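Sequence annotations record features per position, and here TrEMBL assigns repeat 'Solcar' to 10-95, 103-190, 198-292. The transmembrane segment feature in TrEMBL is assigned to 161-184, 204-221.
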Amino acid sequence: MATLRRDGRVTALQRLGCAGLAGALSLSVTAPLELLTVLAQVGTWHCRRGLRSAGLSLCRTEGVRALWKGNLTACLRLCPYSALQLASSRRLVTLFMDELGHVSHWRAIMAGSLAGMVATVVTYPTDVIKTRLIVQSRLEPSYQGIVHALYKIYHQEGLRALYRGVSPAILGAVPFSAGSFFVYISLDKIWQEPIVRFTPLQNFINGCVAAGVAQTLSFPFETVKRKMQAQSPWLPHYGGVDVHFTGMADCFRQTVKNKGVLGLWSGLTPSLLKIVPYFGVMFSTFEFCKRVCLYRNGYIESPLNYKLTPGVDQSLHPQELRELKLLRRENFEPRKSALEN
């Protein structure tokens, strides 16, 4: 069983800012691996000789900056996506709770998956734009930027094009949830101790393993989604997609027919390689930002560690602590006499 816990010493705005900065930094650090993953999934000509050759050829033809194509879109998408996912997740977890405020790991994972689906559907057009910016050439770009891509796709291909591939994205949440649940129900057996006693390092390893298993199981749906996002008759070579298809089912069929079953897992290697640095940078950045917020709120002595400030009630919320400090200052501040005035 699990409970819904949140550190009340940090405000909601500070928490969202910490998560946004941590997510943007981790996305930027692992952007080249994400780009290679998308190119391999779509099947562009860059990946015909392997992922290493794909990165080198891309740098030679389009420059090193090409490794970060679409990263700005991914970072801008992060804030609304995270806000929607967090709000939906908390709402769903509350609905899944029992009378004592507990929720099982299975229900917590289901709530997280459903929240992710809600956030995915609402922000899906930005994911389509990110894929289009990645597969296009910087030397002869079809889109001049995020706004231009949104405008051009909408006017040339219609509103439905901005949601092309949303079906496999939603269906992929099922094996993703199953993989996450399979890992989490096995954690106490793997570590041979209760989940509540896990150290931060163990939780980090658990998160990486769960993400790796879940991503591997749902990767075929991710591959089909990327192909559907990239394919367009308005782009050179139909967006560089290695197979042509008429829909989701036909995309699965054509990929297996032309590339084999393993073709559905093209790009899995860089996708798995980015998990550790992604979560490592994200967790470490979030924790440091949180320490800065706790220091500014007056709960710890230094942003470099978690040493608590003596005499501070850690159960108080930031506004309550500020009001208490203000009250103490007013009570102990020497009053000026009438003669001084």
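Note: Cβ is positioned from N, Cα and C throughout, glycine not excepted.
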Take the transmembrane segment (204-221) and find every residue of the same chain, 6 or more past its ends, with a Cβ under 8 Å from one of its Cβ atoms.
168-169, 171-180, 182-184, 187, 198, 252, 264-265, 268, 271-272, 275-276, 279-280, 283
From the DSSP assignment alone, can you count helix, strand and coil residues within the repeat 'Solcar' (103-190)?
71 helix, 1 strand, 16 coil
Summarise the model confidence on the repeat 'Solcar' (198-292) as a single mean pLDDT, whole number.
93
